[in-house]
Amino acid sequence: MNKYQELVVSKLTNVINNTAEGYDDKILSLVDAAGRTFIGGAGRSLLVSRFFAMRLVHAGYQVSMVGEVVTPSIQAGDLFIVISGSGSTETLMPLVKKAKSQGAKIIVISMKAQSPMAELADLVVPVGGNDANAFDKTHGMPMGTIFELSTLWFLEATIAKLVDQKGLTEEGMRAIHANLE
């Protein structure tokens, strides 16, 4: 492993180690209880949210990406999961407020436990929350890289737990995977 790979692995391991245990169970409990799950983010956090949405679909959940032309209206009993490093992304705040006003539950996945979005959330998942310095600027990992990659890692581990708990098989998940590609 070269020094850059070691840097990435070291930083991400630190963030994951400082993310309190049990948030994966809380997320999965809210997903299970929801009628439908809506997922959103902005920028690279949007890309991470798409990974998670796809895996939930593979696991058999009814999931919509916010902002797509075919996304239905959110309603009471639904769940909105939003990924925002700052917890205050201006383009996402109106969506969080709208979802809340419609009676949906809100999960905010962020590097900040306290934020405007957190104030509206039913669950805040503070990735790296036990380390105040987890997201300090790191040369070679610019502009949110640490948050985005550690969030992807955390959510993939959450899916691994879901697959194990529900006894899902790769064959069963693959049968749900898109076949018009």
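Positions of Cβ are set from backbone N, Cα and C atoms, glycine also.
According to Swiss-Prot, the feature domain 'SIS' maps to 27-168, an assignment based on sequence analysis. The substrate binding site feature in Swiss-Prot is assigned to Ser45, Ser84, Gly85, Ser86, Gly87, Ser88, Thr89; the stated evidence is sequence analysis. Marked as active site, proton acceptor by Swiss-Prot on the basis of sequence analysis: Glu148.
Rounded to a whole number, the C-alpha distance linking Gly85 (substrate binding site) with the residue listed as 'active site, proton acceptor' is 8 angstrom. Along the domain 'SIS' (27-168), the predicted structure has mean pLDDT 93. Other residues of the chain with a Cβ within 8 Å of the Cβ centroid of Ser45, Ser84, Gly85, Ser86, Gly87, Ser88, Thr89, the substrate site, are Ala42, Ile83, Leu92, Ser110, Met111, Lys112, Ser115, Met117.
When each of the binding-site residues Ser45, Ser84, Ser86, Ser88, Thr89 is scored by how many other Cβ atoms sit within 10 Å of its Cβ, Ser88 comes out lowest.
Annotation note: Gly85 (substrate binding site) sits in a coil segment as assigned by DSSP.
The subset of binding-site residues (Ser45, Ser84, Gly87, Ser88, Thr89) lying with their Cα within 10 Å of the Cα of the residue listed as 'active site, proton acceptor' consists of Ser45, Ser84, given in sequence order.
Neighbour counts of Cβ atoms within 10 Å were taken for the recorded positions Gly85, Gly87, Glu148; the minimum is at Glu148. Look at Ser45 (substrate binding site): DSSP puts it in a helix. Among Ser45, Ser84, Gly85, Ser86, Gly87, Ser88, Thr89, the residues given in the record as binding substrate, the maximal Cα to Cα distance rounds to 13 Å. Reduced to three states, the DSSP call for the residue listed as 'active site, proton acceptor' is helix.
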